[in-house]
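*Asks:* Below you'll find the structure I mean.
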Amino acid sequence: MSDVPAPARRPEWDALEQHRAQGLPGLRDLFADDPSRAERYVVYVGDLRIDYSKHLVTDETLRLLRELAAAMDVFGLRDAMFRGERINTTEDRAVLHTALRAPRDAVIEVDGENVVPAVHAVLDRMADFARRVRSGEWTGHTGRRIRNVVNIGIGGSDLGPAMAYEALRAYTARDMTFRFVSNVDGADLHEAVRDLDPAETLFVVASKTFTTIETVTNATSARAWLLEGLGGDEKAVARHFVALSTNAEKVAGFGIDTANMFEFWDWVGGRYSYDSAIGLSLMIAIGPDRFREMLDGFRIVDEHFRTAPPEANAPLLMGLLGVWYNNFHDAQSHAVLPYSHYLSKFTAYLQQLDMESNGKSVDRQGRPVSWQTGPVVWGTPGTNGQHAYYQLIHQGTKLIPADLIGFVRPIAELSDGLKAQHDLLMANLLAQGQALAFGKTPDEVRAEGVPEELVPHKTFQGNRPTTTILATELTPSVLGQLVALYEHKVFVQGAIWNIDSFDQWGVELGKVLAKRVEPALTEGADVPGLDPSTAALVAAYRERRK
Ligand code: F6P
C-alpha cells in the first residue's frame, strides 16, 4: 500500500477538476434535458430507495467519479476489509464490523482463526441474558425484577445503542425504562437515576477499553448509588452490573464479575460497535429476535456493497457524491435530515461515525494531505430544522449537500389521528427537496406581484443538492440497512482520500491533558507546562469556586 499515489495527483482527479471548471447546467436544465434522470438516478438496496437525481451531476460526472474510485482501488480495499486484513494500519488491526452480522455458517478469519463462531456465541449469551431480564427471571439483589436499564458508556459505547433505542422505541418493552448516561457531568447520571429504584435497576457498563475516564467515573458513582440504596452489600453488584468490553482484566479490576461480561474484539471499532455486545441494552429493549432482524438489515447492505456493480452500488455512489462536493465544490459540511422523530439521534450517531473516521489530515502513509477530507456532518429531524437553520441552506452562501430520509408509513402504534399527520410530514420532505433543487427564479417571484425591491430577497437560487432516501417503515431491519449504508459510505470516502478511517488518534491529546489539568482544578496543583492562557483560566476557576 506504500506506493499509493495521492488522489489529487491522479489524472482522474484532474479530469474531475476540468469537468467541474467547464461548469454544469443547473438542475432545472438538467431535468429539462433529461427528465428520465428521475428514474435513472435511483438505486435500490434492501428496503431503501435512494434517489440521487437532484444532484449536480451528469452521466459524465458519475463516470469520472467512478474512475477515481477505481484508480484509488476502493473495491480492492473493500475486499481486504471483508477478508479480515489489517487495513487499520496505524493500530495494526483488522476492520471486521461486517463479521458481527455474518451468518452462523460464514467463515471469516483473523490470523487464521474463524471469528464467526465467537460472534454467535456472544450473541447467544446476550440473547439468553436479554430474555431473562425481560421475563423477570433475572432479578436484582433483593429478588425484585429489573425494570430499569441504564447504559453507561460514551462515544461508540453510547451513541449507537442510544440512537437505535430511540429509532426502535416502538419495538421496545414499554413496561421498562431505558436510559443512556455518557457525560462525565454528574448531572447526566443524576437525572438518569433520580427517579429510579436501585432494587429494580441494572447498569450496563459499555466500554471497549474499560479505561475511558468518563465511563469508569460514572460507573463508580452508579455503584455507590446502588450500594447506598441497597444497604451497602457488595454482593449486590453482581446482580446489578454487567460489562460490555474487550478488556476482561479491567472489567474484573473494576469489580464486575467477568461471568457478567459480554465480549467483543479489537477488530470492532468503537463507532462500528453497536451491533456487537455494545448493543446489549438495545437487545434488552427490543428483544433478541428484533435485534437479529436488525443484524439481517446490516447484512443486506454488506452484501450489496460487496457485490453490486459500481453503477448500482449505493454506498459507493453516496461516497462519490460527497467527494464531488467536498473536493470539487468546496462544500465544508453535509447535512443529514431525517423526517422521522424516531431518528432524532441518528445524525449525532453519524457525526461520530463519519467525523471520527474521516477527520484526518495525513494519509495512510503519514504524509500531509493536500486535499480536503471528511466534512462536518450535522442536522436534526427535518421539520424542526426547517424552522431553524434551513434558511441558510436555501439562501445562504454555503453549499450544503443534504440527505433527506423518510418513511412511507408511520409506526403502527400511532392513533389514526396521528397517522393522518404522516402525509404532512412527508409533504414537507418532498417540498424541501424540490425547493432546494429548483428554487424560485426572479421572474417567478415577480409574477406573484412582489414589489421589485423585494424580488432578490424572495428569490431562491436552487441547485442545492439532496439525496432522498425512502423506505416503507422504520423497522429494525431498515435501521440496520441505514447504518450499514452510512458505514460503507464513510469507508468509500476514506479509501478515496487514502486515509485510515479506523483510527482516532485525534482524541488522545485532550484526554491526556484533562488528566493533567484535573489536579490543578481540584488541589491547585502546579501543572508543569500549562500554557499561560489555560493557567489563567485555571486560576479564574479556582478563584470563583472559593
Ligand atoms: O472518543 C474516543 C473513543 O475511543 C471512541 O472511539 C470510542 O467510541 C469512545 O472513545 C469510547 O471508548 P470505550 O468504548 O473504550 O470506552
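Just so you know, glycine gets a Cβ as well, placed from its N, Cα and C.
Annotations in TrEMBL come from automatic prediction, not curation.
Quantities reported herein were computed from a predicted structural model and do not represent experimental measurements.
Pasting the relevant annotations from TrEMBL:
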ACT_SITE  Glu356  active site, proton donor
ACT_SITE  His387  active site
ACT_SITE  Lys511  active site
*Asks:* Ranking the active-site residues His387, Lys511 by other Cβ atoms within 10 Å, which is at the bottom?
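*Replies:* So among His387, Lys511, the active-site residues given, the one with the fewest Cβ atoms within 10 Å is His387.
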*Asks:* Fill in the CA-CA distance, Lys511 (active site) to Glu356 (active site, proton donor), as an integer in Å.
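*Replies:* Distance (Cα to Cα, whole Å): 15 Å.
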*Asks:* Rounded to a whole angstrom, what is the C-alpha distance between Glu356 (active site, proton donor) and His387 (active site)?
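*Replies:* Here the two Cα atoms lie 29 Å apart.
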*Asks:* Count the Cβ atoms, other than its own, that fall within 10 Å of the Cβ of Glu356 (active site, proton donor), considering every protein chain shown.
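*Replies:* Around the Cβ of Glu356 (active site, proton donor), 22 other Cβ atoms lie within 10 Å.
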